[in-house]
Number of protein chains: 2
Amino acid sequence: MRNIRMAISYDGTTYYGFQTQPIGNTVQDVLEDAIRGLTGEQVDITASGRTDAGVHARRQVINFETSSPIPVDRWALALNSRLPDDIIVLQADEADPSFHASYYAKRKTYRYGIDTSKFGDVFDRKYRLHYPMPLRLKEMKEALAHVVGKHDFTSFASRRSTKPSHVRTILDARIEEREGKLDIFLTGNGFLYNMVRIIVGTLLWVGEGKLSPDDFKRILEARDRTAAGPTAMAHGLMLWDVEYED
Amino acid sequence: MRNIRMAISYDGTTYYGFQTQPIGNTVQDVLEDAIRGLTGEQVDITASGRTDAGVHARRQVINFETSSPIPVDRWALALNSRLPDDIIVLQADEADPSFHASYYAKRKTYRYGIDTSKFGDVFDRKYRLHYPMPLRLKEMKEALAHVVGKHDFTSFASRRSTKPSHVRTILDARIEEREGKLDIFLTGNGFLYNMVRIIVGTLLWVGEGKLSPDDFKRILEARDRTAAGPTAMAHGLMLWDVEYED
């Protein structure tokens, strides 16, 4: 069996998330259908991590085993011709048999996009949260800096999280602003269920002046989901990149 | 009667162009329906110019007469709440009774977007032509410079053009390139039917080396549509801005 690794990109707007669900219409289903159409084989795709319904991926990494003899440099073109236009294979190669897209992911970066313009940019409406408020950027940056490092992120995890530990390490957190659009980037060794979206929801309260940067720090330290703000909408979130040790 | 002027923005993907057609589903129809819902009046919208099926507008200007007493600062919000999410009213004001969005437009700028990446950027797929070829940017810029000035643009006009004169003045033409994405901007006092798209289609042949910049110049001078390249696809085209004399 060969272990094929792929980098893919998708517009999550119409999908019920990455991972196969009983309800159907997931990115994984569509990819596995395209691979079956190409190879005749039903493969089982592993991703670096799931993305929720409506969440996008600029660069997601997946792998699967196959006995197909199709040369590795043909996979991307052959699958792209079978995939709908909202899922794209960027790259394919043959990985070491031990490679596993989830276990070996060392760092992931997410971007959360916000559009603060009065009525919203029509061309970005599916990729940014429209939040037409004046936001205190300096305070937001100060608050966000508190998530960098190793912390118990229980306050910023969905109560549906089933992970035994909520300790994660955030390696980098930053906000870029340009013409009323904010990009919030978070890089970490792992993320809990809804973690980026709850951090952003809470950060928006800081931006509006409902919370101070110190309040944000106290919320993180409280390890209590009820202390934090709301879960920001899915469509502003994008898996930006996944990194592996070479 | 009041003369209301609006700046609007729309994603043209699902529309049969700006102007009302027997086939229906145009931007004008949807706007007029929203205005009728708000005011009870059937108005007749004039735009700075039509856009074709699938063409977008970052900033289009329209006007219409109404006897509605709704204050001008309420129009944008009230209409946006009635419009689908792919049409946005950016701004509304009350214009001089003589203002006419088409007659008084002095300059228009169009942008044509091209994505030269191998498999395309999934988030730009509706707004850029995917053209995965190495393009000779220097030659394209040299060719494009020939359109600046006053010329007879018959070579770059659809044969369905019914205009008595094909002489137009292009005030500015430039190409910006960033990470494999090209933006071709054209500013002029007026544009013929399909003019930007035929200029771009011909320019792409220069980019591929099928034509030289001098060939491009000769095509312009030939005043013959059959001499030029193909009409580039609609979805890469965006009405960027419309300017009026104050």
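Any Cβ shown, glycine's included, is placed from N, Cα and C.
These figures come from a predicted structure and were not determined experimentally.
The following features are taken from TrEMBL:
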- A:6-103: domain 'Pseudouridine synthase I TruA alpha/beta' (DOMAIN)
- A:Asp52: active site, nucleophile (ACT_SITE)
- A:Tyr110: substrate binding site (BINDING)
- A:143-245: domain 'Pseudouridine synthase I TruA alpha/beta' (DOMAIN)
For the residue listed as 'active site, nucleophile' and A:Tyr110 (substrate binding site), determine the Cα separation and express it in whole Å.
13
Model confidence over the domain 'Pseudouridine synthase I TruA alpha/beta' (A:6-103) (mean pLDDT, whole number):
96
Nonlocal neighbours by CB distance (under 8 Å) for the residue listed as 'substrate binding site', same chain, sequence gap 6 or more:
A:Phe185, A:Leu186, A:Phe191, A:Val196, A:Leu237, A:Met238, A:Leu239, A:Trp240
So, by DSSP, how many helix, strand and coil residues make up the domain 'Pseudouridine synthase I TruA alpha/beta' (A:143-245)?
36 helix, 32 strand, 35 coil
